[in-house]
């Protein structure tokens, strides 16, 4: 039964991945109708690997194309592994190559698309990496990760949320993944490090170094407050986890020290090794202010009885951070708050192309685009989880998904419509779609958590086997 569910899920994930790849690589779907235009585009095919218009392809674009096909290789390989208990690497890689080749051939007949040998190479490489990761995952990690995941979900679900937050933050801090360890780049990163609280003053100015383009940098109070709101939720969850799970363990205080003190400067240190990024003392300050404010809020509202009635999630334990989370969602959605009803602003944003899903992403498949999509996807997931919890507790479990979809659609639409009046923002249907899907997934995760770990009076055979 469990194996059939796994195969079904992998089949769906594989199909969704293929559809997403095809959609993302053919958008904006403007085919040539005249044969001579197709022939003209045929002469524009980029046949020299890693060269586009006479220049080297940007590293972020190359990595983005590799990542685009990694899920394809991963899910297809896992499907065959679970189906036959084996997979031939060459066959799946060939499937990735053929899919990429079909797309590149189709792009000859589409306006705004440029077929490229580079894309064929990077897409095939992405498929290969996905297959390798699937093999490693199945042989070395699947059972271990299932045991760890089931243990955390059953005993420490808030810890899992903290792990996800840290992983997403680390991923964002490493973008665009142009890692460097050369002495010259490290010197430059140190020179541009901002050391002035609530302002901008590079360390290089104090050391007598030549720092260029200072006009591009500055202190943003809007970003500063946004960080405080985000880390207030983080700090609340850290201290909640300590009282609920870690208190009395030998590592409890070490986790508090690491997450509330060491974490923020450590995150900024990673910026030294990423080109085009710089460390900022204001990020550390806003992290401390937010996390410690959240921790203080927890101490003010907590009740000792919260931690004497088992470890089942109780929504009233999280009303305060949930409200802060909602404020953060609207704050980030409405920033920088320079609303304007001028006709030129509306004319700039009211364009049909913004109603076409993924239109803004069609020119290049870069890491930044992928990160934007992931950010939109996770944006309203906590909302869907909370709505599902509320629906179940009020006897409306059959409506939880409908409510989550409606709430996600309503909030994302409000945010994106408001951005039509912001000169520096663009309302995009893609964000509405991904935020709504994220809200739905939040409800799905709640139902999975509830049915698997809370509603059962006896653990399933699968869970028993994991505990054996």
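Note that Cβ sites are derived from N, Cα and C of the backbone, with glycine treated the same way.
Residues or ranges marked as transmembrane segment in TrEMBL: 12-29 (among others).
Computed over the domain 'VanZ-like' (16-136), the whole-number mean pLDDT of the model equals 83. Positions annotated as domain 'VanZ-like' by TrEMBL: 16-136 (among others).
Feature annotation from TrEMBL assigns transmembrane segment to 62-81 (among others).
Summarising the annotation, TrEMBL assigns transmembrane segment to 93-114 (among others). Counting residues 6+ beyond its ends, the transmembrane segment (93-114) has Cβ neighbours under 8 Å at 18, 21-22, 25-26, 28-32, 38, 41-42, 44-46, 52, 69, 72-73, 76, 120, 123-124, 126-128, 130-131, 362-363 in the same chain.
Listed by sequence, the residues of this chain that lie at least six past the ends of the transmembrane segment (120-138) yet keep a Cβ under 8 A from its Cβ atoms are 49-50, 62, 65-78, 81, 87, 89, 92-93, 95-97, 99-101, 103-104, 145. The transmembrane segment annotation in TrEMBL covers 120-138 (among others).
Below 8 angstroms of C-beta separation, residues 59-60, 63, 149, 152, 234, 237-238, 240-241, 244-245, 259, 263, 267, 270-271, 274, 276-277, 313, 366-368, 371, 374, 378 of the same chain, each at least six residues beyond the ends of the transmembrane segment (158-177), sit close to that stretch. Residues or ranges marked as transmembrane segment in TrEMBL: 158-177 (among others).
The domain 'VanZ-like' feature in TrEMBL is assigned to 161-301 (among others).
Summarising the annotation, TrEMBL assigns transmembrane segment to 217-242 (among others). Counting only same-chain residues 6+ beyond the ends of the transmembrane segment (217-242), those with a CB under 8 A from a CB of the stretch are 156, 158-159, 161-162, 165, 192, 194, 196, 198-200, 202, 252, 255-256, 259-260, 278, 282-283, 285-287, 289-295, 297-299, 302, 317-318, 320-321, 324-325, 327-328, 331-332, 335-337.
Look at TrEMBL and you will find 254-273 (among others) tagged as transmembrane segment.
The transmembrane segment annotation in TrEMBL covers 285-301 (among others). Tertiary proximity for the transmembrane segment (285-301) is limited to same-chain residues at least six positions away from its ends with a CB under 8 Å from its CB atoms, namely 197-198, 224-225, 227-240, 259-260, 263-264, 267, 320-321, 324.
For 313-331 (among others), the entry in TrEMBL reads transmembrane segment.
What TrEMBL records for 322-447 (among others) is domain 'VanZ-like'.
Taken from TrEMBL, the feature transmembrane segment applies to 368-389 (among others).
Sequence-remote contacts of a segment are chain residues at least 6 beyond its ends whose Cβ falls under 8 Å from one of its Cβ atoms, and for the transmembrane segment (401-421) they are 329-330, 333-334, 339-341, 345-346, 349-350, 379-380, 383-384, 387-388, 391, 427-429, 431-432, 435-440, 442-444. Sequence annotations record features per position, and here TrEMBL assigns transmembrane segment to 401-421 (among others).
If you look up TrEMBL, you'll see 433-450 (among others) marked as transmembrane segment. Long-range neighbours of the transmembrane segment (433-450) within the same chain, counting only residues 6 or more positions beyond its ends whose Cβ lies under 8 Å from a Cβ of the stretch, are 153, 157, 357, 373, 376-389, 392, 397, 400-401, 403-405, 407-409, 411-412, 415.
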DSSP-derived helix, strand and coil totals, residue by residue, for the domain 'VanZ-like' (161-301): 99 helix, 5 strand, 37 coil
Long-range environment of the transmembrane segment (368-389) - Cβ separation under 8 angstroms, sequence gap at least 6: 60, 64, 67-68, 168, 171-172, 175-176, 313, 315, 322, 325-326, 329, 360-361, 400-401, 403-404, 407-408, 411-412, 430-431, 434-447
Surrounding residues of the transmembrane segment (62-81) on its own chain - C-beta under 8 Å, 6+ positions past either end: 7, 10-11, 13-14, 17-18, 21, 24-25, 50, 87, 89, 92-93, 95-96, 99-100, 118-119, 122-131, 133-135, 137-138, 176-177, 364-367, 369-370
